[in-house]
Amino acid sequence: MKKKILLMMSLISVFFAWQLTQAKQVLAEGKVKVVTTFYPVYEFTKGVIGNDGDVFMLMKAGTEPHDFEPSTKDIKKIQDADAFVYMDDNMETWVSDVKKSLTSKKVTIVKGTGNMLLVAGAGHDHHHEDADKKHEHNKHSEEGHNHAFDPHVWLSPYRSITVVENIRDSLSKAYPEKAENFKANAATYIEKLKELDKDYTAALSDAKQKSFVTQHAAFGYMALDYGLNQISINGVTPDAEPSAKRIATLSKYVKKYGIKYIYFEENASSKVAKTLAKEAGVKAAVLSPLEGLTEKEMKAGQDYFTVMRKNLETLRLTTDVAGKEILPEKDTTKTVYNGYFKDKEVKDRQLSDWSGSWQSVYPYLQDGTLDQVWDYKAKKSKGKMTAAEYKDYYTTGYKTDVEQIKINGKKKTMTFVRNGEKKTFTYTYAGKEILTYPKGNRGVRFMFEAKEADAGEFKYVQFSDHAIAPEKAKHFHLYWGGDSQEKLHKELEHWPTYYGSDLSGREIAQEINAH
């Protein structure tokens, strides 16, 4: 009897082992069903999946990805898929709601941008100029604003490589049995992207004209990565004839800078093109944002690479012709945030403007969380400083051992936390000081003085947060010392910086990078 039981147990073990092997084999041999959002995501995902899955695209050509809202049928497709791949929450803004509605936990959700930091969307950049070695308060980012981040990373071959790597890594983790194939497919696709990146670099690195004018500000990453300046204009669309007033101002702008082409996202109607040519003396050309290809175009052999090479060819209509530097129609850099204001606009502020719990950004600089920021800054400086030089510069500025500060506006107290040890003092407002920096911009220091005689190095403190009147701070630079307010006014190299304690390091890095 005992032998029969042992035999039965052995047979059962063999059966289950066989079933497990079969299940793994089915998973390895079966195809993964992947739903993607719009064309670049579809293209990149197919490049990774290869023959190991079926890839579907929700948005067809002609659909505006920015305005798309999924139907019940679309959500059902996502629900029934093995994986769902999208670009970024700033592009497909509806994805966060769809995630919440998914009842199936088997769907692997992949964000193409992964942990990439993005730049601010059009109209949200504060245009900081931070290549100077002196801290002029137009060098740092503001935290906590509801910025629209620019998601158009796929229009830069250089950044598209990272998107493909993110898709590869996420799908490989979800389907380890297919990881080897995914990695091999991705490697082949990435090689093609690297070749495209080389083509863009070769054509644009020595461009005779670095600026191009576009109606659709989608090419910021492409411009950044290849040393160009994207200048967007308002009041001109490919399908609506501009007003007489707009034509008049545009004509002056075009003549002032010798602009030959304005780039549109699609073919401008013949009427619009003729009006621009006749009245403003400028031609219309197409730079595709690659948000969709028709079935006909794909069957004809068009894909990401053919369209991107066509974009490069069209862009060279401008970049291959020498001309004066083209500036935006309006100077958006001279803002209060950047240090341009009138004395009468500066108002007194109370400690309550900085109430809350704050963390130093210095640890995030040390652990590499901010490294992407330095890379971006180096590219924005166009060779004036390297990423390593930026990191050194901010290391000096951010350095502090006061890791946390808690401010109670009602009690008018500040608690400084150093190595876990807390020191709390009560402060009174001591006025404001307007400082003028070498480039001509200015900043305001709001001064406070501790009541306690034993406050020591925390006797005098000064806040600077790019604001000049009462408002709730989103981040701040803090100066402190035990000698005098006047001595602190001279401190321009060292500015410990603090953000809300509820923010992650990546969230802080993203906000810094958006400016």
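For all residues, glycine too, the Cβ spot is worked out from N, Cα and C.
Going by Swiss-Prot, these are the annotated features:
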BINDING   H66, H152, H216, E291  Zn(2+) binding site
REGION    125-148  region 'Disordered'
REGION    129-148  region 'His-rich loop'
SIGNAL    1-28  signal peptide
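This prediction places the mean pLDDT of the region 'His-rich loop' (129-148) at 40. Taking the centroid of the Cβ atoms of H66, H152, H216, E291 as the Zn(2+) site, the other same-chain residues with Cβ within 8 Å of it are P65, M91, A218, E265, P289. Within the set of binding-site residues (H66, H152, H216), the lowest number of other Cβ atoms found within 10 Å of a Cβ is recorded at H66. There are 22 other Cβ atoms within 10 Å of the Cβ belonging to E291 (Zn(2+) binding site).
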